[in-house]
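Report on the following structure.
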């Protein structure tokens, strides 16, 4: 991606209109806003956390924002270029349920081994609880560990202590509240 330019090239726009759910006009608008917030064309992890803090002032979104940042940063170079940003935004804001669940699975599967372990699930659920601050939950979900236990009871069909993409997808579709919780962090 080399040197960052403030002008969006037509081939980049064409690629993004093909690869995302955004129109050329929307892409140009998002690019303008992106450059306003990130004049050098790169969004750092600290900048990303700062954005989340604006939306979740009552909690601490730092941990969750860092985890989401990792999924946005497709090439793992420590910053988010506009193309990475718009592709992730397309899925999280306009994608269909399967695309959103695939994206969420990548978020939860921190080590990218194709499974979500209890520890990985706990990591995300704990980050979400920190982000939203204290909100009343039912007795069986009032701690991150209880929430993880409940999710695994529902989703881990073969009881091997880890979730495959298929188990995650089916379990999420069977429980609309899980999908609602996912959209909390998905954008």
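Here the Cβ of each residue, glycine as well, is placed from N, Cα and C on the backbone.
Swiss-Prot annotations:
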type	residues	note
LIPID	2	N-myristoyl glycine
DOMAIN	24-59	domain 'EF-hand 1'
DOMAIN	60-95	domain 'EF-hand 2'
BINDING	73, 75, 77, 79, 84	Ca(2+) 1 binding site
BINDING	109, 111, 113, 115, 120	Ca(2+) 2 binding site
DOMAIN	143-178	domain 'EF-hand 4'
BINDING	156, 158, 160, 162, 167	Ca(2+) 3 binding site
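One way to see the shell of the Ca(2+) 1 site is to take the Cβ centroid of 73, 75, 77, 79, 84; the remaining same-chain residues with a Cβ within 8 Å of it are 72, 74, 76, 78, 80, 81.
On a Cα basis, residue 156 (Ca(2+) 3 binding site) lies 14 Å away from residue 120 (Ca(2+) 2 binding site). Counting only same-chain residues 6+ beyond the ends of the domain 'EF-hand 1' (24-59), those with a CB under 8 A from a CB of the stretch are 4-6, 8, 13, 16-17, 65-66, 68-69, 72, 78-82, 85-86, 89, 130-133. Summary of the Ca(2+) 2 site environment: with the site residues 109, 111, 113, 115, 120 set aside, the chain residues having Cβ atoms within 8 Å of the Cβ mean position are 108, 110, 112, 114, 116, 117, 162. Fewest Cβ neighbours within 10 Å among the binding-site residues 120, 160: that distinction goes to 160. If you take the Cα of residue 73 (Ca(2+) 1 binding site) and the Cα of residue 158 (Ca(2+) 3 binding site), they are about 32 angstrom apart, rounded to a whole number. Listed in sequence order, 120 are the same-chain residues six or more apart from residue 111 (Ca(2+) 2 binding site) with CB atoms under 8 A from its CB.
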